[in-house]
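Chemist: I have a structure here, written as C-alpha cells, and I will follow up with some questions on it.
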C-alpha cells in the first residue's frame, strides 16, 4: 500500500483524537463545579470520554484502509494488494480495536470506580491533621474497586466457558461460518464486549432519544436576554395584580382583616406570601439585567442577535438530521426482522443489506476521503451531544430515584464520574448502533466493488475494463465467487457481527433495544407538550384571579435559575 496514503489516513485520525480531547475537556470544565475540582477526577473523565469516542471514530479509518485495496472503478484488487498485505492491514486494525475495547472496559470497570472511591475517601480534616496518608487512601479506594474487578473476572470466565456457537439444523450459516470463534480467549473477550454493549444500548435507548428530541428546541428557543425581559414584564404584571387584589380585600374590611370571612383571610395570606416571592424574583431579575449591561455581555448579546437566523437554520437542520437517522435506523431494524435468514438463532444477522439513505450518502462520500470522515464525525457528535443533553435533562437515576443532577458549573466530582460512566457506556451502545444499524453497508464494505465476471485463469483476477456493467458493489453474501476473493469486510463490522453471531441472545437484545430507542423520541416529545400545556393552564388560572395554595407559576429554565439563586441566597 502506498505509504503517503497510509500517512494521510492516520494523520486524519490523530487530528480527530486531538479534537476529541478538546471536546471532552470543554464538557468536563463546563459542567464540573469550580469549588470542588479534582485534577485526578478531571483526568479520568476526559481520558475516558476521549478513549470511547476514539473507538467509534476509528471506523472511517478502518473502511478507508480496507477499501484502498480495491479499485472501485474496475472491481478488482490493486497490484500491491496481495492477500498477505490485506491480512497485515486487517491484523493491525484488529489489534488496535481489541486494545481500545480493552482500555474502554478497563476505564468503565476499574478506572472510574477507583477515581470515585479515591475522591470519596478524602477527608480534609484528617489530611490536614496528618491522620490520612496517600497510601491509606489508595488502599481504601482499591478495596472497594476490587468488587468491580471481580465482576469483570466473572464475566470473562462466563465467556470463556460458554458453549461455542455451531450450525443448527435448518439454519445453514454459509458465509457467516467464518465468523464463528474457535479461540476460547477471543470468545471470552467477545462475551465481555457484548455484555457491556448491551448495558450501553439500554442506557442509549433511555437517555439519547430525549436528548435528540431537545436539540432542535435548544437552537430555536429565545435568547436569555429576551427571556429575562419577558420574565421581568410578567413578574411586574403579576405583582401589580397581586397588590390590586390585596387592596380589594382590604377595602372590604376597612383595613381590619378580622372582619373578613375565613376564605378571604386565607386568600389574603396567600397573596401576601406570593407578594414576597414576586418581590424577591423581581430583585433577582434586576440584578441579572444589571449584569447584562456590562460590555462583554452586551457584545455577546448583540452577536447572538445577529446570529439568530443561523441558529434557527441550525435548529431546522438538526431536526432534519434527526429525522433522517430515525428513518434509517427504522429501515435497518425492519430489514433485520424480516430478511434475517435465521432470525434470533444467529442474532438477526443479514445476508444482504437493503438500501439505506444515510449509508448510501456515506458510501458515495467515501470515494473522496476524508469527506466521509467529516460527515461521520458530525453524526457522532450529534448523537453524543444528544446523549449529554439527555443525561443533563433526566439526571443520574436508579429506577425512578434521581441520585445526581447534572448542571453547568454545579456538578460535584462524584456526579461527574457517574455521568462519565453513563456516557462511556452510551458510547459503546452508540458504536454498535452506528456500525450495525445506521450505516451497515458503509461500515461493512464501504465503496468496495467486485467484477462479476469469470476470470480466464485461476491465478488472474476478473477484468471488467470492457464490461463496466458487471462491476457490482460488495455485499455480505454474494452469489459470485469473485466477491469472496476481492471484497474485504471492515474489522469493526467483523468484531460486532461476531458478538451477535456467537451469542444470539445479545444480537436479539440489541435489536429490541433499538426498537425502544425508536419509540423513545416520540414518547419524550409527547410528555414535553403535556408539561407545557399543564403550566399554561396554571398560569391562566392565576391571571384570572383564582389563587390556589399549591399553585406554581409557569416555569422556564430561567425562572428555575432565579429560584435556585434565591434559595442559595436564602441559605447564606
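Just so you know, glycine gets a Cβ as well, placed from its N, Cα and C.
Per Swiss-Prot, transmembrane segment is recorded for 8-28, 40-60, 95-115, 145-165, 188-208, 314-334, 374-394, 421-441, 499-519. Under the heading region 'Disordered', Swiss-Prot lists 522-544.
Map these features onto the structure and tell me what's around them.
Modeler: Outside the transmembrane segment (8-28) by six or more residues, the chain places 42, 45-47, 49-50, 53-54, 57-58, 61, 64-65, 369-370, 373, 377, 381, 388, 416, 420 with a CB less than 8 A from a CB of the stretch.
Same-chain residues lying 6 or more positions outside the transmembrane segment (95-115) and placing a CB less than 8 Å from one of its CB atoms are 40-41, 44, 47-48, 51-52, 54-55, 58, 62, 141-142, 144-145, 148-149, 151-152, 189, 192-193, 196, 417, 420-421, 424-425, 428, 491-492, 495.
Beyond the transmembrane segment (314-334), the same-chain residues lying 6 or more positions past its ends with a Cβ under 8 Å from any Cβ of the stretch are 212-213, 215-220, 353-359, 379, 382-383, 386, 433, 436-440, 511, 514-515, 517-518, 521.
If one looks beyond the transmembrane segment (421-441) by at least 6 residues along the same chain, the residues whose Cβ comes under 8 Å of a Cβ in the stretch are 48-49, 52-53, 55-56, 59, 104, 107-108, 112, 196-197, 199-205, 207-208, 325, 328-329, 332-333, 350, 353, 356, 358-360, 362-363, 379-380, 383-384, 387-388, 391, 396, 473, 475, 492-493, 496-497, 500, 510, 513-514, 517.
Nonlocal intrachain contacts for the transmembrane segment (499-519), taken as residues 6+ away from its ends with a CB within less than 8 angstroms of a stretch CB, comprise 162, 164-165, 173, 176, 179-181, 187, 190-191, 193-195, 197-198, 201-202, 204-206, 208-209, 326, 329-330, 333, 336-337, 344-349, 429, 432-433, 436-437.
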Chemist: Are there residues at least six beyond either end of the transmembrane segment (188-208) with Cβ under 8 Å to its Cβ atoms? List them, or say none.
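Modeler: Cβ under 8 Å, 6 or more out: 98, 101-102, 104-105, 108, 152, 155-160, 162, 181, 383, 386-387, 390-391, 394, 422, 424-433, 495, 498-500, 502-503, 506, 509-510, 513-514, 516-517, 520.
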